[in-house]
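Below: one structure, written as structure tokens.
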Amino acid sequence: MKAVINIIIRELFILKKRPAAWVLILLIPTAIFFYLGYIYKEGSIEHVNIAVLDLDHSDLSRKVIQNVEAAPKLNIIKFLNSHDHIDSIFTKHPEIKGFYLIPKGFEKKIYRGEQAKLLVYVNASNIVFGNLIYKEAASFINTMSAGINYNMLKAQGVPSEKALKMIMPVKVRSRPLFNSYYNYLYYLVPGLTTVLLQMLVFFLAARAINSEYSNQTYEALLKIADGSIFKLIIGKLLTYTLIGVMVGVFIFSAVHPLLGIPASSGTLPFLAVVFLFVLVNAMLGIMVSVIFKNEAIAMDVSFVYNSPAFVFSGFTFPIMAMPAFNAWYAQLIPYTHFLHAYVKGIEMETPFTFLLDHILDLIIFFLVGYIVACIILLRRNTKVLA
């Protein structure tokens, strides 16, 4: 135990002499975490600038426009006319994210009992704007359609209560759970901060062993470890795990609360999973450091391995919809399994037993990293002694 503690103290002194390491540990995470919070501070899109092109100029088309104006998230900034070219509206007016086109004969078709169409044009280069504009259109058009059908049934002598049931035989009530406000701050920032935690720990640990070879201090390190590869690895591992856990606690106890991300009753017990997650990434970083004696190559490999973690984790696009290779590769990244545990443990607040599968996956990552690192170091030591 004394040897392990000595290695931890030695490693901290080495890190103290590396200004770049402390920039990576303290400055960069703090700056990035709060910068991300600043970017997503609004949480969700409150207003989308749109335009309207009314080719019908009827009472009903004006009612449609009134409904558009009443929509809480839509802001009409321009009324188009028949001389405007539809294909060039988004290029000439980039502030317009979409527009509604009410075709000629809109009112006549409806009163003749025919189906009329409200055309929705969106700048789909931004999916968020496109979905919001379509969603708002579907909402107020459904309400308008129900009102028109209701008045027609009433004119035919159908009682009010029966008319309401006829126009809406099935009533849908949506109840979003776990992020009821569709808030991007609550959704994206926890994912971004934790994936950065993985990268930070991994990058630090990726220089843990190879730097000893570069500085020709490996033999001195092995002597401090009493010649034990186990003590050597554990000492290094605990050092970077300690740093990672401190950053992790900082994320959950300071960053998230200061940014306004709601706390969860599952946060405190979930810190055990955070500890395991940090431990795994420290071990994998050490494994890379053992495999590649060249520090630059080790860092390049670490970067290539960690860069797609956020995208491949299923956070922004479901894994089940990915090509087979991408879905398979996603399982080779610890963050994928940590994220599933995070969603269940923090956001859904499920019992801890629901996290056991993901915890087991992380333990497998740790064992692979530890076994590979031990085998390589033992073989190298055997060759040196021989």
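Just so you know, the numbers here start at 1 and follow the chain as drawn.
Cβ coordinates come from backbone N, Cα and C, glycine included.
As annotated by TrEMBL, domain 'ABC transmembrane type-2' applies to 150-380.
Annotated transmembrane segment per TrEMBL: 20-40 (among others), in sequence order.
Positions annotated as transmembrane segment by TrEMBL: 184-206 (among others).
Taken from TrEMBL, the feature transmembrane segment covers 237-258 (among others). Beyond the transmembrane segment (237-258), the same-chain residues lying 6 or more positions past its ends with a Cβ under 8 Å from any Cβ of the stretch are 4, 7-8, 11-12, 15, 25, 29, 33-34, 37, 189-190, 193-194, 197, 200-201, 204-205, 208, 267, 271, 274-275, 277-279, 281-283, 285-286.
Using a Cβ-Cβ cut-off under 8 Å and counting only residues 6 or more beyond its ends in the same chain, the transmembrane segment (270-292) has close neighbours at 194, 197-198, 201-211, 233, 236-237, 240-241, 244-245, 248-249, 252, 264, 298, 301-302, 305, 334, 338, 341-342, 345-346, 355, 358-359, 362-363, 365-366, 368-370, 372-373, 376-377. Sequence annotations record features per position, and here TrEMBL assigns transmembrane segment to 270-292 (among others).
Residues 191-192, 195, 198-199, 202-203, 288, 335-336, 339-340 of the same chain lie 6 or more positions beyond the ends of the transmembrane segment (304-329) yet place their CB under 8 Å from a CB of it. Under the heading transmembrane segment, TrEMBL lists 304-329 (among others).
Beyond its flanks by at least six residues, the transmembrane segment (358-378) meets 209, 229-230, 232-233, 273, 276-277, 279-280, 283-284, 286-287, 290-291, 334, 337-338, 340-341, 344 of its own chain at Cβ-Cβ distances under 8 Å. Annotation source TrEMBL lists transmembrane segment at 358-378 (among others).
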Using a Cβ cut-off under 8 Å, which residues of the same chain at least 6 positions beyond either end of the transmembrane segment (20-40) come close to it?
184-185, 188-189, 192-193, 196-197, 200, 203-204, 243, 247, 250-251, 255, 258-259
